[in-house]
Amino acid sequence: MIDLKLLRKDPQHFYEALKKRNYSTDIIDEIVNLDKEWRNQLNIVNNLKAKRNELSKLVARYKAEGKNQEAEEIIAESKKIGEEIAQYEGKQKELEEKMYNLALYIPNPPHESVPVGKDETENVEIRRWGEPRKFDFEPKAHWDLGPELGMLDFDRGSKLSGSRFTVMFGAIAKLERAIAQFMLDVHTKNGYIEVNVPHLVKRETITATGQLPKFSEELYTCERDDLFLIPTAEVSLAALHIDEILEENKLPKKYTAFTPCYRREAGSYGKDVRGLIRQHQFEKVELVWYTTPERSFEDLEQLTQDAERILQLLGLPYRVVTLCTGDLGFAAAKTYDIEVWLPSYNSYKEISSCSNVTDFQARRGNIRYRAKDGKLNYVHTLNGSGLAIGRTLVAIMENYQNPDGTITIPEVLRPYMGTDIIKPME
């Protein structure tokens with residue numbers, strides 16, 4: 001959530017931020033107008049309270065002078081003023097709730113280092129690692145490789161659950177498990193604390209992390225219990241410390257979790273709906289940091305490098321791009337996308353988004369830290385995929401495929417697999 005005090009003080013800052021993101025600024029006008037009305041109510045309340053205080057002094061004087069009847073008349077008048085104050089304060093509370101609810105729809109202002117652009121075509125590439133493999137045969141897409149191996153079954157997934165669900169068998173199922181274990185092992189060696197989190201969360205939890213109310217249509221819900229299936233472990237990890245005060249000397253806190261993720265993906269279309277790229281249910285290893293404002297953008301660089309390290313160890317070519325203002329996620333102040341090379345697309349495809357959310361989630365969740373000087377400040381939260389398991393599986397299948405349809409297993413995964421090659425199921 002944005003800082004409403006800052007909006008009151010400098011609405012122009014938010015006008016400019018929303019324009020950079022290609023958002024309508026009407027919501028800022030609504031809040032500014034509500035704030036004017038709130039201030040007007042506040043002035044009325046303050047004047048009434050001042051009048052009531054004067055009457056209280058008058059009552060004391062009349063009683064001291066023995067003028068009890070006059071004192072009772074003033075007390076009656078003071079009571080009426082108290083009722084008026086309660087009415088105006090009730091209106092103030094209603095206005096505060098309206099402003100708060102509107103503010104939930106305002107995205108995080110982009111950081112000054114984020115390039116201004118209208119959409120993903122204006123994202124800025126900042127580095128590459130590795131070279132795409134030059135095949136001496138016609139490579140196959142994973143949606144052909146997997147069924148030919150007898151290990152990816154899209155038809156049975158559809159039969160069980162509908163479109164964009166998949167059943168995995170044999171070595172491919174084991175490889176997906178191995179990828180997750182490998183990622184967790186690397187991240188925990190790098191100082192992350194592994195966390196096993198709930199996959200169902202309360203409405204206030206998923207509101208705190210920014211998915212609600214704006215993205216309600218993208219979420220799977222359990223209406224009877226008012227619970228939501230997590231679209232990412234970020235939700236559970238970034239809400240772990242709701243209503244808590246952390247100590248600065250214990251920051252940063254670095255968490256990692258492996259969970260299934262559930263997304264309706266209502267707006268997806270085209271080539272992405274084939275295979276494993278855009279599923280309703282997929283697995284992911286998530287990275288989340290709690291840190292201080294002074295170091296959060298420096299920490300974002302480290303978090304991104306931690307995600308990149310997985311691809312380097314797997315020997316998968318990738319590039320890193322900075323998202324422009326028009327492509328930035330709702331809660332993010334700055335985001336790096338890591339894109340892995342996929343032969344089936346003949347291009348790079350997102351496998352991780354690493355973001356600094358600044359204090360956007362912390363304000364919603366009331367997550368603060370006590371600084372060394374004793375002051376309480378909101379933490380900054382960072383998040384990133386470390387990595388998406390399904391897309392990593394796809395990248396391995398396509399980049400490590402052989403002419404005979406077998407798949408060579410990357411060296412770092414062989415201890416987890418107990419073999420160096422995946423052959424068709426018998």
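A Cβ is built for glycine as well, from the same backbone N, Cα and C atoms used for every other residue.
Quick caveat, the model's predicted, so the values are computed rather than measured.
According to its DSSP assignment, Glu286 (L-serine binding site) is in a strand. As annotated by Swiss-Prot, L-serine binding site applies to Thr232, Ala233, Glu234, Glu286, Ser385, with the evidence given as sequence analysis.
Taken from Swiss-Prot, the feature ATP binding site applies to Arg263, Arg264, Glu265, Glu350, Ile351, Ser352, Ser353, supported by sequence analysis. Secondary structure from DSSP puts Ser352 (ATP binding site) in a beta strand.
In sequence order, Arg164, Glu218, Arg278, Gln279, His280 are the residues of the chain that are 6 or more apart from Glu265 (ATP binding site) and have a CB within less than 8 Å of its CB. In sequence order, Leu311, Tyr318, Ile338, Glu339, Val340, Ser385, Leu387, Ala388, Arg391, Thr392, Ala395 are the residues near Ile351 (ATP binding site), counting only same-chain partners six or more apart with C-beta under 8 A. For the pair formed by Glu350 (ATP binding site) and Glu286 (L-serine binding site), distance between Cα atoms is given as 15 Å, rounded to the nearest Å. Spatial neighbours are here defined as Cα atoms within 10 angstroms of one another, and by that definition the neighbours of Thr232 (L-serine binding site) among the binding-site residues Arg263, Arg264, Ser352, Ser353 are Arg263. For the L-serine site, the Cβ centre of Thr232, Ala233, Glu234, Glu286, Ser385 serves as reference, and the other residues of the chain with Cβ at most 8 Å from it are Val235, Leu237, Ala257, Thr259, Cys261, Lys284, Val285, Leu287, Val288, Asn383, Gly384.
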